[in-house]
Structure formats: C-alpha cells, structure tokens
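Asks: Questions regarding the structure given below will be posed in turn.
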Amino acid sequence: MSLSAHKLSVGYHGQTIVKEMNLTLPDGKFIALLGPNGCGKSTLLKCFARILPAMSGEARWQGKNLHHYPSKQLSKELALLPQTQPIPEGIKVKDLVAYGRSPYTGFWGKLNQQDHQVVEQMMQQTGTFELKEKLVSELSGGQRQRVWLAMVLAQDTPYLLLDEPTTYMDINHQVELMHQLQILNQQGKTIITVLHDINQAARYCDHLVVMKSGELKYQGSPEEVLTSAMLQNVFSLQAQIHRDPVSNTPMCVVEDRSPPSPQHKD
Amino acid sequence: MTRPFYGLTIALTAILLLFLGWWNLFAWSVIPIQAQDVWLSLTHFDSQSISHRIVQDLRLPRLLTAMLVGACLATAGTIMQGLTRNPLAAPSVLGINAGAALGMALVSTLPVLYGASSTSLAAMIGGGVAWLLVMLLGSSWRIGGNERGRLVLAGVAISALCAALTKAVVIMEEDQAAGVLTWLAGSLADARWQTWQHYWPFALAGLFGALLLTPSLNLLQLGEEHARNLGVNLLRSKLFGSFLVLLLVGTTISAVGSIGFIGLIVPHMARLLVGQDFRIFLPVAMLLGATLVTLADTLSRAISYPMETPAGAILALIGAPFFIYLVRKRTL
C-alpha cells in the first residue's frame, strides 16, 4: 500500500522506458523486480528512489505523490543502494557508514550517542566492523559493497530499495547478501530489489514482480509467477520448473536454446 | 583526522598568516619602514610620520584585502571542486575568471553600458554566464552526467573565448586599455580602504554561506544518487553553491582583478593536511588561501624592486606547474 505507481511513465532523454504502469507493492515483503535487460525495472526503482522524475502519472508514497515530499523526510522512509557505487577518496569506512545517519542529524551532521550505536550495529551486521578504520578505496569490491550496504542500513528506513545488488559479487558473497536481506525482511523491513537471477529471486524473495518492455506482466508469490508460460512469454525461453531440493521453492531449468525472437533484443 | 592535530594545523596556519601579514606591512618599501613603526602606527598613530601614514593608508587595506582575496578564492575553488567532484575545478579553470573579466571590460569601456551597473555586478554576471555555459557544455547539471574531462575542456574553451572578446574590447577602447590590463593581471597594488569597504561585507557573507554548504558538499562526494538518497536537495545545493562562487569570485575580481590558481591549489593543500571532510578542511583552506596571497603580495614588491610585479602573475608562476602535476596524477 505504501509504495505504488499510478499510470506512471518514466524515461531518459525523452524516451519512455516505463509505460503507464499501475503497480502496488505489498508492505513487509521481500520483493524482486525481474525482467529482461532494458525492461525498465531499474528505471522504475530509480523513480521510486527520486533519482528520476515521473514523465507522467505518479509514483506514490502513502497515497501521496512521492516527489512532493521534502527530500529529508523521505530519506527516513526509503533508502536506495544504487547499482554502482563511487569510490570516494580518503574516506574511512566508519565515516562513510556514519553518513547514513545524515537524515537524522542536525544541520551540521554531528552524530549523537544513538547515531553512533546504529552505525556500529550496522557495521557488525554487515561484517564490516573490523574494516572500520580502513579507507573505502583500499577495500575489495565485495567488501566495498557491504560497506555501502551498511551505510544504507544506517539510514534505518522501513523500506529498502536495491538495484542489482549482487551483480559484482562472487557466489559466496551473493548468498551472504541475500541471506542478510532475508533477515532484515524478517525484522520488518520491506525490501525491493532488482535481480537478474530468477532462481535466486524465487528462493529468497516472497513476492516477484515481472516486467517486460516497460509494462507489468506478472506479480505474486514465486509459486504463482515462476512458470514455464511466464519464462516463454517474458524471456522467450523454453524451461522446466522443478523444486529446489534444499528450500523446496520453484526453480527453472532451461531446456534448450530457443531461436531469438524479434522483440527480445539482447 | 584527530582533533588535536586539526587544532594544531589551524593554529600553525594562523600564526604563519599573522607573521607574514606583519612582514607584509613593512617589507620592500621604497620609503624605508621600520618593523617597530608598524606596531606604533597601529597603537600610537602619528599623522606626521610618513611611515605611519604608509602603513595606515596603503599597507593595511592592501594586506586585509589580500587576506580576504585568498580566503574567497580558496573557498570558491573548494565549492566548485565539491559540486563538480572534479579535482581540476576552480574559478580560473572553468571560465569564471575570464567571464568576470569580460563583464568588467564591457562595463568599463563601452559607453552604452558605462554606469549601467557596478563593476562587481558586471563581474558576477559575466562570470555567471561563463559558468552556466561551461556547466551546460560539460553536462554537469544532469544527474549522472558528469564527465570530468569534458567539463575542463569546456572551461578552457569558454575561457579562451572570453579572453579573446576582452582583448577585442580593450583594443577598440584604447584609452581605457591600461586600466583594464592591470586588473586582468590581478594586482593588489591599488587596494585602498575604499576597495576594502566595498569588498568585505559581500566576501564575509560568501565565506559564511560556504561554511553552511559544507555538510551537503560532503554528501555530494558520495555521488548524486547517494546524496539524493540521503536527503540532499541537489538542485538547491547546486544553485546555492553556484551563487556563492559567483558572489565570491565576482566581488574579488572587481576588487583586485583576475587572480588565478589559488582556487585550484589551496583546496588540495588543505585536503592533504587535514583530510577530506569539507566541514574541517574548508576553514583550513580559507586560512591557507589568505596566507598564500599575502605571501604573493609581499613577493610582488620584492621580485623587481622597486617596481611591482602583479601578484596574479606570481601565483600563476606557482600555480601552473601544480596544475600540470594534477593533470598528470589524476585520471580524467
């Protein structure tokens, strides 16, 4: 109910990518946005995070146009982890994570006792506490991604938006991150993440949103959404659906390469 | 960055500034001034004494202006590097100096415009137009569109264009040319109490405003997406920052002419000393800028004594190699 799109169109340079979309994201769920490259899932996420404006229609928060809220107020409600992070020079891990408290601090950005506690707690939770005196620029890619996650978590928002958080991680770190997100979700956060790995989404998330060519195609639990028909329609892929032997969630196995269809440009 | 070390850096820089300032008041004078005359002229002013009069009427306003010029240009450079996240950004690199000089050249030479506006306003407008063009060409207003090399190239191109137009204006109005050329080179030799009076209120307002901007500048270093996510109003910060830059540079150029490189060098020096936090290094940059311009002004009288070399030329001598060092060190 809290985050929704109403006839929302979003795009860049006059080109519409998300087209008149109607979507309501359920509260309290661990949601994956899925779809082929260029389907508009990241664009939609960026609009919810106020990085991109709506071309027409509205992105709404609590029933009101998201872009009408003051920046600082929304930054206590919604946090975004963008796809790529800059590598800031000369900033220590603990200082970077502390910036996550900016929405709560006074004008000068001075942290109080509670802020310090949250910062420390988030570093512990993401396994970055041991790195706190290191420079962010000295870390490995996986460590750096965890530090940025700690910063976004320090924002302490009920909603967390992530844009392909696992893209630059090896499989070990991917699993670790998805597991961590699952715990956060169980603690009450609504998590909305763009993912590419469908099986990963079905295993960890409890609500899938599938887009194609800027439109909403499927929405619901992994059981409802992850079907051979969906994979055929959205990804032009012949696949069988099996059970993940560990988690008993649905999982797709590609049958064979089907010839590329004209509308699927990859 | 630990606090005691920060305090020590501030204290040492301030002491160095005071010492250089005191030296500036009596050194390299055609009419010899004793060191103790400086103190006496401040405490027991004797209007009959020539050296007292030189210190009071010429040296003191000149010194105060030099200090403020340094602080303003260092601050403007800091804001520009923060807003564009580009280590090469500075008023002189991104066309603001040249634009402001063109604005002043137009107002002070063209009869149509003469008296239409004050020179500082003309400098602000000229600098503002140049800055706007550079930002548009370097596509720095768009979110995500921040190509570092392109911004600097745009700055170089707009600077060259403004410089050419300024020269054309000066050639057409030859009787005004000498005056225009003097402040194109940037000299503190003509700074008097009158200059100071027109300068300090705007300059101090700009410096204070810059301190208010520092928390947002810190967050902007995380990239625009993160800054936005953390509640920074990007458009407001950029507009406020640009306004401060124009205020600081415009009033400075109309007071003493075009002085380059302070805005480029000093923020890097301050960062090296006390780290990347804008809230901490901006005050250090202000003090260092003041120190460097005071030193350059003192040297401007020494190099071809008893003639004066413009302080802007001396700073360019120090600044140009540093600029080359930065270009080579950083990947653009």
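Backbone N, Cα and C atoms are what each Cβ position is placed from, and that goes for glycine too.
Automatic, uncurated: that is what TrEMBL annotation is.
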Asks: Kindly point out the range from B:24-50, B:240-266 that TrEMBL annotates with transmembrane segment.
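Replies: That would be B:240-266, per the transmembrane segment entry in TrEMBL.
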Asks: Please work out whether the transmembrane segment (B:59-80) lies in contact with the transmembrane segment (B:240-266), by counting C-beta pairs under 8 angstroms that are 6 or more apart in sequence and asking whether there are at least 3.
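Replies: Touching, yes - the transmembrane segment (B:59-80) and the transmembrane segment (B:240-266) meet the threshold of 3 or more Cβ pairs under 8 Å.
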Asks: Between the transmembrane segment (B:120-139) and the transmembrane segment (B:311-327), are there at least three Cβ pairs closer than 8 Å, leaving out pairs fewer than 6 positions apart?
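Replies: Contact criterion not met.
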Asks: Which listed stretch (B:92-114, B:200-220, B:240-266, B:311-327) has the most C-beta pairs under 8 A with the transmembrane segment (B:278-299)?
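Replies: Highest pair count goes to B:200-220.
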Asks: Go through the chain and flag residues at least 6 beyond the ends of the transmembrane segment (B:311-327) whose CB is under 8 A from any CB in it; none is fine as an answer.
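Replies: Beyond its ends, the transmembrane segment (B:311-327) has Cβ neighbours at 66, 87-88, 93, 185-188, 256-262, 264-265, 268, 292-293, 296-297, 299-300, 303.
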